[in-house]
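As recorded in TrEMBL:
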{"type": "ACT_SITE", "residues": "H45", "note": "active site"}
{"type": "ACT_SITE", "residues": "E103", "note": "active site"}
{"type": "ACT_SITE", "residues": "H107", "note": "active site"}
Amino acid sequence: FMFLFALSPIYGDFELLELVSTWPATFCYAYGCSRRPIPKNFTIHGLWPDNRSTILHDCDVPPEVDYVQIEDHKILNALDKRWPQLRYDYWYGIDKQYQWKNEFLKHGTCGINRYKQPAYFDLAMKIKDKFDLLGTLRKHGINPGSTYELNDIERAIKTVSIEVPSLKCIRKPPGNVELNEIGICLDPEAKYTVPCPRIGSCHEMGHKIKFR
């Protein structure tokens, strides 16, 4: 008993949760997608338990922790709506569940003492439903198909996230910086937002950002 207890902080402690949402048009342009039609709204990339100083992933978990294939059709439909697996077509994605499995094992397990698998997916969807990222950007005059000041994008998102979001960009082709993902960070219990660490962010790439 003592041994297990002593081990738990290694995989159980995290300081914040980051819900990372992907802009499918950019993701599919950069990495290729089998999913058709390409969703016209932000979709979940993952929910990442994290620490400010070090990025957590592939946490050391007990050997019995594994991904359990989701069979419930209601949950599958809810997940596919908010978290479509863009690299795969619908049926292949539902059958193999590669992205969901990968995100849970790589990131979800870092918070396993607080969120077992069903709670992890449920929480990701609940947070997604709380923040209408596309609606928020549109409300501030930021629409797909144009280029904007990074600060304007960040300012718009902050009207709902309150704290600093994490804006992740890609450069493709060189010289063209595109908004790829938006992260919103919350406390470990997902009760309130907290500032995101600006790691690997658009801020390192330039101030003019294309919103594809």
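Every residue, even glycine, has its Cβ placed from backbone N, Cα and C.
No curator has checked TrEMBL annotations; they are predicted automatically.
Cα to Cα, E103 (active site) and H45 (active site) are separated by 8 Å. If you take the Cα of H107 (active site) and the Cα of H45 (active site), they are about 11 angstrom apart, rounded to a whole number.
If you take the C-beta of H45 (active site) and look for same-chain residues 6 or more apart in sequence within under 8 angstroms, you find V20, S21, T22, E103, E181.
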